[in-house]
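As written in TrEMBL, here are the features:
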- H185, D208, H210, D212, D307, D309: Mn(2+) binding site (BINDING)
- 1-18: signal peptide (SIGNAL)
Amino acid sequence: MKFFTTAVALAAVVTAHGDHDHDQEPMEGPHQHLWYNTLPGDGGTQADSVFSGISTFGRLPYHPCLASDAVKYDIAFIGAPFDTATSYRPGARFGPSGIRQGSRRLNLYGGYNVPLEENPFNSWAKVLDCGDIPVTSYDNAWAIKQIEEGHNSILSRKPKTDADKVGPSKKGKTLPRVITLGGDHTITLPLLRSVTREYGPISVIHFDSHLDTWKPKVFGGSPSKQASINHGTYFFHASAEGLLANDSNIHAGIRTTLSGPSDYENDGYCGFEIVEAREIDTIGMHGIIRKIKERVGTEKPVYLSIDIDTLDPAFAPATGTPETGGWSTRELRTIIRGLEGINFVAADIVEVAPAYDTNAEHTTMAAADVLYEVMTLMVKKGPLSGMGAMPQVDAAEREVTEF
């Protein structure tokens with residue numbers, strides 16, 4: 001009984017003290033300093049660990065750009081999950097989500113690119129992940145149209161930076177840059193259609209182990225109009241449609257077998273020069289960089305298309321049509337960095353098929369790291385307003401070629 005009386009008295013004292021202690025701050029609700037960490041150096045804020053949370057490319061902010069134009073950007077990542085025009089392994093429809101997964105740790109230490117001396121995550125540029133273009137897997141013709149229109153919707157808007165300044169588009173406007181996550185390589189055809197709507201015929205740098213300029217009757221047999229458009233013929237169609245700038249396009253990393261020497265002749269008709277993968281043994285990485293820059297120049301708008309099978313299967317096994325004898329991840333990243341100064345207006349990476357990857361995510365990490373280099377090049381180059389308007393004669397030539 002004495003114990004009970006004492007306990008009641010003590011409780012009363014504690015209650016009375018709590019009622020009168022107005023300096024005590026109640027512990028209620030989330031405390032931001034517990035959940036949001038400030039990264040050191042040039043970094044920003046980090047909401048959670050790199051191995052948790054929703055996947056966007058490099059943990060960039062997400063905005064559904066196709067559903068809303070409320071947020072402006074300078075560089076946008078967009079996915080094109082399409083793989084129903086492959087000739088060997090399907091699965092690249094999962095490429096966009098796989099690449100995002102492989103990119104989680106890009107900003108782990110703050111995102112600063114040491115060789116290029118630039119932090120693409122903390123710069124003048126507003127960079128977003130816009131999600132994916134809705135793409136049907138039942139109708140290739142409709143899917144290709146979806147990709148073109150979705151991409152053009154993202155590409156043709158006013159950027160966040162220098163929106164009202166003169167730029168290199170056909171209308172003299174400054175536009176944002178768009179990086180597309182594929183998808184099999186067929187997506188490059190609708191992407192080029194989108195890009196040329198804004199810039200006219202475009203110069204292309206194409207990293208791949210395959211030419212992808214094959215005539216439809218050679219690659220696939222062309223039993224129908226739609227079957228003629230696939231991941232080995234899209235550049236043939238792009239050339240026929242007048243999407244490519246004449247004599248300023250180049251392949252790099254080529255090492256495929258051919259139907260015969262005429263495939264190379266046809267490739268020349270499509271406007272390409274070739275850097276074979278094996279040339280790295282004779283002219284080295286810097287020689288390859290020099291050949292690419294001499295071909296496309298540093299004055300005009302350029303489109304960059306990267307097939308992950310440029311890499312040897314030892315470094316990127318998860319791809320639709322693997323070819324041995326390719327470059328290492330280190331070599332490809334060095335070559336990409338060497339393209340600094342080129343006016344990239346848009347880019348893609350394709351043929352990442354995560355189902356064939358190792359459990360260490362070799363291919364998706366390699367794809368993400370290559371795009372990290374591309375993203376850094378775009379940021380370091382500055383807004384496209386820096387190019388100014390294209391010379392009027394060139395614009396006229398592009399209009400004539402387009403039609």
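Any Cβ shown, glycine's included, is placed from N, Cα and C.
A TrEMBL annotation is a machine prediction, not a hand-curated record.
Counting other Cβ atoms within 10 Å of each Cβ, the lowest count among the binding-site residues H185, H210 belongs to H210.
Remark: D307 (Mn(2+) binding site) has H185, H206, F207, D208, S209, H210, D212, T319, I349, V350, E351 as non-local neighbours, by Cβ distance under 8 Å and separation of at least 6 in sequence.
Counted within 10 Å of its Cβ, the other Cβ atoms near D212 (Mn(2+) binding site) come to 28, all protein chains included. With a cut-off of 8 Å between CB atoms and residues at least 6 apart in sequence, the same chain places D208, S209, H210, A316, T319, G320, T321, P322, E323, G326, E351 near D309 (Mn(2+) binding site), listed in sequence order. Surrounding the centroid of the Cβ atoms of H185, D208, H210, D212, D307, D309, where the record places Mn(2+), the chain contributes additional residues within 8 Å, namely H206, S209, H231, T310, T321, V350, E351.
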